[in-house]
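The block underneath contains the structure these notes are about, expressed in structure tokens.
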Amino acid sequence: MVYQGNRITVTMLEDGIANMQYNAENESVNKFDTETNKQFAEVVNALEKADDVKGLIVTSSKGVFIAGADITEFVASFKQSEEEIKDWVININDAFNRFEDLPFPKVAAINGAALGGGCEMTLVCEYRVMSDKAIIGLPETQLGIFPGFGGTVRSTRVIGIDNALELIATGAPKKALDALKLGLVDATVAADDLQDAAIDLVKKCISGELDWKAKREEKLVAVKLNQLEQAMAFNSAKGMIFAKANPKQYPAPALAIAAIEKHVNLPRDKAIEVEAAGFAKAAKTPQAESLVGLFLSDQLVKKLAKQHSKKAHEINEAAVLGAGIMGGGIAYQAASKGLPIIMKDIKSEQLDLGMGEASKLLGKMVDRGKMTPAKMGETLSRIRPTLNYGDFAETDIVIEAVVENPNVKRAVLKEVEGLVKDDCILASNTSTISITFLAEALERPENFVGMHFFNPVHRMPLVEVIRGEKSSEEAIATTVALASKMGKVPVVVNDCPGFLVNRVLFPYFGAFDLLLKQGADFAHVDKVMEKFGWPMGPAYLIDVVGLDTGVHGAEVMAEGFPDRMKPDYKGAIELLYENKRLGQKNGVGFYKYEMDKRGKPKKVADEATYELLKTTTDSEKQTFDDQAIIDRTMLAFCNETVRCLEDNIVSTPSEADMAMIMGVGFPPFRGGPCRYIDQMGLDNYLALCEKYAHLGKAYEAPQKIRDMAAAGETFYATA
């Protein structure tokens, strides 16, 4: 035994070959946390003194090779100064460099995901052999940072500038064959053959059959490209990256490129200093704080879903009531994840529409080479369309997805309850109607919950699981388990008008309506909010949702929260609806829609909209700068999010933030409404509320904000 730790062990195998194995005790995955970094430095000390080691393989005892750095430690680490972060990273890099410089060949045996620091660990080895089931990559830019353990330095020298820039800037992991084509690994083998293949490579290095020293030397010197070739590689990468992401919103890819441009002509040690300085700069951006926080919130939401699922009943078969686009989308989602599902409607043409929707979505996967025609047929066979309830006797859960009308829903739910087994869960896919109210029609209200999918079902990851007054924990657990089984991210919320997402969204639309009444141009508001980071502004969003849906939702919200969601004027959204402008669904809303060459609706300006809006605009039009537009819309949005926490509609800031990002597209780089308030500062946010309080209750600071500001608290504890 060369080294024995609770994160890493080094044992001798045969012929002077050592096995350095990552094996974090009591952990599901290996990661570079403080203790692992400490032990890795100790391993290097031991190996520098181990005269009997002629070669070494790097392995993992887990299903994952190394998942990367311990993201939970970033929160505290990134609170340090830029200089302190740089020194921290350089100190870790010292062990990586010394490991690379050991006087014998090293081969990484990549059995599972080698991401971030895990990929960087493999790059300090001379050779890399990979299981054909593994993945490898440098996803750090998705956290608002970039590789800091030598990843930008070694990748450019191993796979070339252009390939390294694409790998780092996109953050997308590579499958084994793609990694082999890039030169990121030297061989791929079946998982069972991995260790033998790694040992064989080491033996070839020891015997001189492979020139491992030359492989190492390439990583220690500048990149071997002339200035023109370098300029072409960087210009191409910048064009690709900046077309995909605004560097003002997501600066990490641009900062990574800048660091690489500085260090490509430097030897390793100097290059790593440049990388460390760039990493520290990225780590101090608000985007890094938000995206690291978002990663941790995502982990918490998934952990909570697992906890909620503990009391779940087994789900062997589901059913959906109501076909069409929504029912077809739900059926597709279940079937594509291996769950048999019955799709019932009272009209055969609706069943055809639902099956057509599922078939269309699966057909696209076949066209993209992600599914075989045989697999498509197998998936479609899991969906059983029917006009009657004959097959419902053994169904474990029924999702009601009929028209958004409380009387229709109550009648359908009451009918199906009498035809299913006593422990069958009933779930309503409603976006606004009270679950407690719908439950009044049922004999077994404890078996009834809300299950709000977002449209389009196959794209939107969020599912709100709504607890009514009488919903049992088993019913909630089973519905959460179903959502997870369908590949969705469930967030459990308590019942109220609009639940969580729509309750927060409608004050945002209300703030938008008020801006238009006072003279703002809807197209300009859209541009401002898109620049802020939304995928679409409020006018375009309501066109996509449908103005009829928007007006119906606004009526429900006005009845539920009249003090702040019932305007005393007719707004632009209601006016356009009355003039039969429904948005994309009938080609005219705030914008006019024309089909592009791909058959997708493209928005264009429409003078008729401006003529109509003149009738609702105040005679004395006001002008608004961009910041005022942002402040007014985001105050209404964020205040209602906080009120949902106050009212215990949602349990944690993490769940609230994740729901708003997944459900309505809140800018991820801003971390969600709660983190947005944190970054603004509670005192500053409170002052902004007071500045606009004269506009109405929606702009007044919730008591929770006042209490937190007085106590010096934040939504996310600072380390």
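Cβ coordinates come from backbone N, Cα and C, glycine included.
What Swiss-Prot records for 1-190 is region 'Enoyl-CoA hydratase/isomerase'. On the 0 to 100 pLDDT scale, the region 'Enoyl-CoA hydratase/isomerase' (1-190) averages 97 in this prediction.
Sequence annotations record features per position, and here Swiss-Prot assigns site 'Important for catalytic activity' to E120 (among others). According to its DSSP assignment, E120 (site 'Important for catalytic activity') is helical. Note: E120 (site 'Important for catalytic activity') has non-local neighbours F96, L138, P147, F149, G150, G151, R154, i.e. same-chain residues 6+ apart with C-beta under 8 A of its own C-beta.
Annotated site 'Important for catalytic activity' per Swiss-Prot: E140 (among others), in sequence order, evidence recorded as sequence analysis. For E140 (site 'Important for catalytic activity'), the same-chain residues 6+ apart in sequence whose C-beta sits under 8 angstroms from its C-beta are G68, G116, F146, P147, G148, G151, I168, G171, A252.
N502 (substrate binding site): 20 other CB atoms within 10 A of its CB, across all protein chains. Look at Swiss-Prot and you will find D298, N502 tagged as substrate binding site, backed by sequence analysis.
Among the features that Swiss-Prot reports, region '3-hydroxyacyl-CoA dehydrogenase' is placed at 313-719, with the record citing sequence analysis.
Just so you know, the Cβ of E404 (NAD(+) binding site) picks up 17 other Cβ atoms within 10 Å once every protein chain is counted. The annotation NAD(+) binding site is assigned in Swiss-Prot to M326, D345, V402, V403, E404, K409, S431, N455.
Residues or ranges marked as active site, for 3-hydroxyacyl-CoA dehydrogenase activity by Swiss-Prot on the basis of sequence analysis: H452. When Cβ atoms from all protein chains are considered, those within 10 Å of H452 (active site, for 3-hydroxyacyl-CoA dehydrogenase activity) total 24, not counting its own.
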N502 (substrate binding site): nearby binding-site residues from M326, V403, E404, Cα cut-off 10 Å: none
Of D298, D345, the binding-site residues given in the record, which has the fewest other CB atoms within 10 A of its CB? D298
For E140 (site 'Important for catalytic activity'), the three-state DSSP class is helix
M326, D345, V402, V403, E404, S431 screened against H452 (active site, for 3-hydroxyacyl-CoA dehydrogenase activity), Cα within 10 Å - retained binding-site residues: S431
One residue among the binding-site residues M326, V402, V403 has the fewest other C-beta atoms within 10 A of its C-beta, namely V403
Among the binding-site residues S431, N455, whose Cβ has the fewest other Cβ atoms within 10 Å? N455
For N455 (NAD(+) binding site) and D298 (substrate binding site), the CA-to-CA distance in whole Å is 21
Taking the Cα atoms as reference points, how far is D345 (NAD(+) binding site) from D298 (substrate binding site) in Å? 36
